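Trainee: I'd like to ask you about the structure that follows.
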Amino acid sequence: MSSEQLSAAAPRQGGFMQGLRARWPLLRKIIFIAFALLVIGLLVNLARDVEWEKVMEAVRANTWPVLLRACGVAVASYLIYACFDLLAIPYLGHKIPPLRVMAVGIVAYAFNLNMGSLIGSVGFRFRLYLKMGLQAAEITRIVGLSLTTNWLGYFWVAGGLFAWGVLPIPDNWNIGAGALRVIGAAMVLAAVAYVALCAWSRRRSWTIRGHEIFLPSGKVALAQSVLGSACWMSIGMVVWTLMRHDVSYALVLGVLLLSGIAGAVTHIPGGLGVVEAVFVAMLSGQVPHYEILGTLLTYRAVYYLGPFAIAAVLYFILEAGIRKGANLPPAPDSAR
């Protein structure tokens with residue numbers, strides 16, 4: 001290609017990218033509406049065929065040993081998530097007791113699942129950490145690292161399962177098994193790239209739209225990978241423990257992760273209704289509808305409602321402890 005052709009191609013490429021950026025808000029709305037319509041269609045089909053008496057029978061059929069095992073896994077999952085914030089605290093120069101940090105994480109997680117990320121993951125962290133003496137910029141770094149840990153774990157686990165081809169895609173879905181494998185491989189490569197960037201990049205911070213973004217160390221990125229992956233895998237273990245039919249753990253976990261995308265796109269707290277629709281669509285050939293819904297209703301009680309009640313009590317305990325004068329001194333300048 002001649003220099004004249006190159007110089008002519010550059011403006012065209014720049015114009016395309018500028019046009020894409022200008023149209024992205026509209027494209028994002030179109031994607032959201034299309035996905036929401038798909039989910040609504042799944043929910044309508046689901047609600048039309050539900051036999052609620054059988055669903056409640058399936059809920060009542062859970063034995064105490066099964067419920068206790070599921071609760072035990074749920075406790076482990078919350079404790080894993082509570083460790084996310086512990087990865088960020090050492091960078092801030094504050095000496096907050098680890099148990100208090102984990103308590104904030106549990107409160108934020110439970111409210112996040114039941115009321116959405118702005119209230120739970122962001123709102124409660126800001127309220128509690130501000131009262132403990134942290135600055136807004138420091139809390140933003142904690143929230144950012146926690147969110148990154150969560151989605152990094154998702155990319156590792158979901159990417160691996162999608163690339164493996166563990167999910168049988170229904171015939172009436174627009175995406176094929178091959179496309180899902182490509183998406184999974186891309187997710188794993190993105191996770192690898194993040195860890196490599198954290199480990200070997202010479203540049204450790206970027207300023208994007210006035211916000212400074214810091215790269216953690218390679219060791220922290222590996223810890224994020226382990227914790228994030230373990231959290232998602234434990235959530236899948238809760239559902240699988242409650243599933244009485246002979247369905248593989250890998251399949252249940254894969255369906256849960258696929259429903260996580262649907263829930264995130266629709267912005268419905270906890271993916272209420274969305275998770276159920278995806279599970280029925282993916283597993284209806286192996287498990288009766290009412291058994292799937294009974295399992296998921298029990299799962300929501302074990303993983304959402306029960307911890308939500310405990311987190312509400314824990315929140316008031318934290319507030320009371322902070323009011324007794326537990327504020328922390330500001331971090332030294334060298335640590336910021």
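Numbers run from 1 along the shown chain.
Each residue, glycine too, has its Cβ placed from N, Cα and C.
For reference, TrEMBL lists these features for the protein:
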- 26-46: transmembrane segment (TRANSMEM)
- 66-89: transmembrane segment (TRANSMEM)
- 101-124: transmembrane segment (TRANSMEM)
- 145-167: transmembrane segment (TRANSMEM)
- 179-200: transmembrane segment (TRANSMEM)
- 220-241: transmembrane segment (TRANSMEM)
- 247-265: transmembrane segment (TRANSMEM)
- 301-318: transmembrane segment (TRANSMEM)
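Quick one: how deep are these features, and who are their neighbours?
Mentor: Distant neighbours of the transmembrane segment (101-124): 78-79, 81-86, 89, 143, 146-147, 267, 269-270, 303-305, 307-308, 310-312, 314-315, 317-318; these residues of the same chain sit at least 6 beyond its ends, with a Cβ under 8 Å from one of its Cβ atoms.
Residues 148, 152, 155-156, 158-165, 167, 169, 215-218, 220-222, 225 of the same chain sit 6 or more residues outside the transmembrane segment (179-200) yet have a Cβ under 8 Å from a Cβ within it.
Long-range neighbours of the transmembrane segment (220-241) within the same chain, counting only residues 6 or more positions beyond its ends whose Cβ lies under 8 Å from a Cβ of the stretch, are 66, 69-70, 73-74, 76-77, 80-81, 83-84, 87, 145, 148-154, 156-158, 191, 194-195, 198-199, 247, 249, 252-253, 256-257, 295-296, 299, 302-303.
Within the same chain, residues 31-32, 35-36, 39, 154, 157-158, 161-162, 164, 166-167, 232-233, 235-237, 239-240, 271, 274-275, 277-279, 282-283, 286-287 sit at least 6 positions outside the transmembrane segment (247-265) and bring their C-beta atoms closer than 8 Å to a C-beta of that stretch.
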Trainee: Count the Cβ pairs between the transmembrane segment (145-167) and the transmembrane segment (301-318) that lie under 8 angstroms and are 6 or more residues apart in sequence, then report whether there are at least 3.
Mentor: no
